[in-house]
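Report on the structure given below.
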Amino acid sequence: MAALYPPAVLNALLHGGSLPLIALEWEVIAHVAWATIGMYILARAVLQTKTRLPAIGAALAFGLGGYLTGFPVQQVAIMETIAWTPWWLWTLRRAALSQQRRERIRFALLAAAVFALALLAGHPQSALYMAYLGFAYTLFCLWHAPVRTWSHRLLTLVLPFALGIALAAVQLLPTLDFIARSERQQLDFQFVSPGLNWHDVIFLFVPNADIGTPLYLGPIVLVLLVAALKSRHASLEKWFWLSVGLLSLLLAFGGTGAFYAIAYLLLPGWNAVRNQERALLMFSVAQALLVGWGLLALMTPTNTVRATAARLSAGVAAVGWVLVFALMALESPLTNGILMLALFGSLAWLIVAFAEEAPHPLVPASLLTVVLAFNLMSVNQRYHQGPPPETIWPERTLYNVIAETAGHHRVNDASLLPPEGNAGMLYGYEALGGNNPLRLERTRRFLNAIDSWYEWKLLAVQYVVSQDPNLDPNAFSRLYEEEGFFLWEVREPRPRAWSVATLVQMTDDDAIADRVDDRDFDAYTTAIVEVSPPPVEGTATVNVLDQRTGFLQVGVQASAPTFVVLAEIADPGWHATLDGQPVEWLRTDGFIIGVPVPPGEHTLTLTYRPPRWLLGLGVSSVAWLLWCGGLFWAWRSHRREEAHAA
């Protein structure tokens, strides 16, 4: 839910309000680059060396690493959220370690803006991991910060988090409200706990032959990690990041390990997110920084570091070659991955073993960095080489037939038409289904309790796409056939809005579902409401005047008090007006909307505005004003200091 994420909004505006596939691809590429640059900046600060190469290696290990180039590439919200992680950690570090109050405030404000952008990017789970990682890192930095006043601690611990949430409240509050009413409102341990399997540990060293490999480190990273652990550089922070890497790896195994169960019980938010392998975000940050320390260690080596790295790379290469020849006879799918392990392990050994012969310590470290980049680039890129767009989105006359004739009616395409349930959005018709993992819980339960035929009638479905050539001819007429898909028209399709003269009060959802599902129930003469029915004396003429996403307007001509039913899901975000004046709508027939209308000629309008959006807008507006004011104060303070110094 990244409707207000500034880079995505800008990208859409640059393309006239729509996003061609190439624009979305460049948006992902830009975020990978942004994450890589951020890791370079963070590594430069953490490694505290004038030599740029270790930071470059850390940036490549993060930007080309198994996690960032795995499933986040195909799940844009995840990618656009995690791309801010290095920048978040860097600004928090600067806020915690700066000695000047002005600098602490400036970087705390920048950290808040970074966190807000991560929240706006639309993947709360990744933002949750960023928050926990940022909090732990801030505590670590404050522990050995040069300034340890309570105001300093509170400023760094509270301001970036609280202000960041407030800055993003305009999107965050409606999102949380929707989740609270969705089928994710209550999640049990069995649903959220799945993560990696223990046998996936092998994919730390060998690419998965079937799918992407978010765990992948490879032999070069392995050698550099060991070199980092053997060195004496920045030992305290190095051990902090080693702890982060190990703990996040254990968390990624989810319910198959005991550590996740502790987090599930004790850490807020951990019981509300699934797919625990996504905790590898923290693992990827940690291993990237350790790669930087490893390169730094090999550039200023001791005999122990070089000897350990040489022995390890030789052992990895030897094991790899033995396994290659053993698995070739078995025709194992892991053969290519083991071959990659052997080849890059051998290259690592050659570089490390003959490092003393190099004219400068920078040469072997540079070669190792280049090999590292080629190693990582050889792993996940092949999983993102999909077919051409015309294959994913084939040109079909069927799409045009639907889009041109559906009008104000809906289409039940059963998510059969490519691409993966999103055909309605791409080709301009209102589909009943769609590729969406979240639905309103009350509506989902109600619709599961009634026959789909009654759902189609109450939601104004006119066309049905099916692969069945023999639907009931009394209910449907076949219009078109193309490549195994049949387009059927519902005989006597129901309108988008109608009026009834009879109201029945029922309050129990199960009883309402049973009544709606009854063959004798006529939803076009009788409506079920959950409150005391308003007075109704007759029907009216109802015509759709305008209908688009989030907006429905109908004209009503009534000679007596009537009740107009509108085929829209009863969600609190809908706001009704009658002739421009706000009116209350009623939940009708269990899951749609009804509005009492007095006699006369009227215009009835439904407009969708997400619940808590106005509250979020107010909070964010105040927060951005405070943020701008804080930056202005920091700038003025800097100018005054310069003037005083002059």
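Cβ atoms here come from the backbone N, Cα and C positions, even for glycine.
Copied from TrEMBL, the annotated features are:
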- 28-46: transmembrane segment (TRANSMEM)
- 53-70: transmembrane segment (TRANSMEM)
- 76-93: transmembrane segment (TRANSMEM)
- 105-123: transmembrane segment (TRANSMEM)
- 129-147: transmembrane segment (TRANSMEM)
- 154-173: transmembrane segment (TRANSMEM)
- 201-227: transmembrane segment (TRANSMEM)
- 239-267: transmembrane segment (TRANSMEM)
- 312-330: transmembrane segment (TRANSMEM)
- 336-355: transmembrane segment (TRANSMEM)
- 362-379: transmembrane segment (TRANSMEM)
- 613-635: transmembrane segment (TRANSMEM)
Fill in: Close approaches to the transmembrane segment (154-173) from elsewhere in its chain (Cβ under 8 angstroms; 6 or more beyond its ends)
1-5, 91-92, 95-96, 104-105, 108-109, 111-120, 131, 134-135, 138-139, 141-142, 612-613, 615-617, 619-620, 622-624, 626-627
Worksheet entry | Cβ-based contact of the transmembrane segment (129-147) with the transmembrane segment (201-227), 3 or more pairs under 8 Å | no
Worksheet entry | Result, the transmembrane segment (336-355) in contact with the transmembrane segment (312-330) (3+ CB pairs under 8 Å) | yes
Worksheet item: In terms of Cβ proximity under 8 Å, which residues at least six beyond the ends of the transmembrane segment (76-93) contact it?
Response: 1-2, 5, 7-8, 24, 27-28, 31-32, 34-35, 38-39, 41-42, 45-46, 62, 68, 107-108, 110-111, 114-115, 117-118, 121-123, 126-127, 130, 133-134, 137-138, 141, 156, 160, 278, 281, 285
Item to complete: Counting only CB pairs under 8 A, let me know which of 53-70, 201-227, 239-267, 613-635 has the most with the transmembrane segment (336-355).
Response: 201-227
Discussion item. Below 8 angstroms Cβ to Cβ, which residues of this chain, lying six or more residues outside the transmembrane segment (613-635), approach it?
Written reply: 102-103, 105-106, 109, 112-113, 163, 166-174
Fill in: Distal contacts, the transmembrane segment (239-267) - CB-CB under 8 A, six or more residues away
132-133, 136-137, 140, 189-190, 192-198, 229, 276-283, 285-287, 289-290
